[in-house]
Amino acid sequence: MYLRHLQLGSFRNWDRVDLALRPGPTVFVGRNGEGKTNLVEAVGYLATMGSHRVAGDAPLVRQGASQAVVRAALRREDRELLVEIEINPGRANRVRVNRAPLARPRELLGLVKSVLFAPEDLVLVRGDPAERRRFLDDLLVSRTPRLAGVRSDYDRVLKQRNALLKTARMARGNALATLDVWDGHLVDLGGQLLAARLRLVADLAPHVTRAYAGVAGADAAVAALGYASTVPLAGDGTPVPEGTTLPTAGEFSAALRERVAERRNEEVDRGMTLVGPHRDDLVISLGSMPAKGFASHGESWSLALALKLGCFALLRADGDEPILVLDDVFATLDADRRAALAAVARSAEQSLVTAAVLDDVPPELRSTVVQVAGGQAVPLDPEAAEDGAVREEVT
Ligand SMILES: Nc1ncnc2c1ncn2[C@@H]1O[C@H](COP(=O)(O)OP(=O)(O)OP(=O)(O)O)[C@@H](O)[C@H]1O
Ligand SMILES: [Mg+2]
């Protein structure tokens, strides 16, 4: 799939931008703070309905405006897809696909496939488990849109159950009876989420291992993925061997039910739900060691890149050609890693690359360059861009 046209209104620093795009690589170049990342953030928003930089929607709306609009024309094989999102912080967003309003904005999820790699992705390796859970669940939903409902229902049940546990702590008794009902929902939805996450980790792992070898070189340690769960059946973090038969959602539910029963008293004492997919983690390892706490800065960076390239390869293997977005990443890579990433970017149906300095981007990706400056995005003649780059270096 590729983005044929992108229009933003009151999105971040953009008052209005209207941009025609082509398949193949496009580089957005411009000085720091001109709005390059903001442009590609909007592309990421089309896929995940979230930003890779902030948790809520409010920062995405241009200061002084009350709503932001992202409008995109996408081409998938020979079909055209028009997606329009109104971002209304504090109120429900509104989404239209081919001019028909969606009953729920989350119905958009899974329609636009894109994989975004940015400096922020270092937190996938070094940050809290919550970052990795979000990474897994976003990819899950992108592959299996039905799970968007399961994820949000699970979150809702968890909130209710936690609220109830807090009351139960004060007045044991009645609240505990109601708790059984919530346990039922938690166990049912949690089992579905666990099954889906385990399937995903098993499917993604070989792609990440391969991508890491491609990025870090064949003689580097082997990168692997495991799942560490509060439900023992769902994994202890060791790599999931290829070809393993995984338990079913029903089996995960049963195991979760058992754990919930075991820890009931502790949960009431602490007033929170202590077991379930919301407490789990994706374990990224390098050789025999977990990456978090052990991997060097360069290794962590390469692992983050391999995770995203793994997603790209997985979606591709599913039969969807995702848009590859690379935000400000070439400047920090060494020559070999640049070349490895450039090869992937060139193979993508469309890749959108941002850089402050055009020379940091491998020449084979510079066929289409868009200059971002002064609130405008203007396509440059590639030869003029080359000249510009040379002149800048000379003067
Ligand atoms: N909601 C908003 N309203 C107005 N301006 C905003 C908003 N959010 C961010 N900005 C501004 O957008 C500007 C551009 O941000 P962006 O991150 O896209 O820059 P960039 O071109 O990627 O820069 P760099 O090369 O440093 O990565 C920043 O100066 C920021 O202050
Ligand atoms: Mg940027």
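Quick reminder: no glycine exception, Cβ is built from N, Cα and C everywhere.
Quick look at what TrEMBL annotates:
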type    : residues                                               : note
BINDING : Gly30, Arg31, Asn32, Gly33, Glu34, Gly35, Lys36, Thr37 : ATP binding site
DOMAIN  : 2-355                                                  : domain 'RecF/RecN/SMC N-terminal'
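Within the group of binding-site residues (Asn32, Thr37), the Cβ with the highest number of other Cβ atoms inside 10 Å belongs to Thr37. Averaged over the domain 'RecF/RecN/SMC N-terminal' (2-355), the predicted model has a pLDDT of 95. Close contacts with ligand 2, defined as a Cβ under 6 Å from any of its atoms, occur at Lys36, Thr37 among the binding-site residues Gly30, Arg31, Gly33, Gly35, Lys36, Thr37. The least crowded of the binding-site residues Arg31, Lys36, judged by other CB atoms within 10 A of its own CB, is Arg31. Screening the binding-site residues Arg31, Asn32, Gly33, Gly35 for a C-beta under 6 A from any atom of ligand 1 leaves Asn32, Gly33, Gly35. Other than Gly30, Arg31, Asn32, Gly33, Glu34, Gly35, Lys36, Thr37, the residues of this chain whose Cβ falls within 8 Å of the Cβ centroid of the ATP site are, in sequence order, Thr354, Ala356, Val372, Ala373. The secondary structure of Thr37 (ATP binding site), as reduced to three states from DSSP, is helical. Cβ neighbour density within 10 Å is lowest for Gly33 among the binding-site residues Gly30, Gly33, Gly35. Its Cβ placed at the centre, Glu34 (ATP binding site) has 21 other Cβ atoms within 10 Å.
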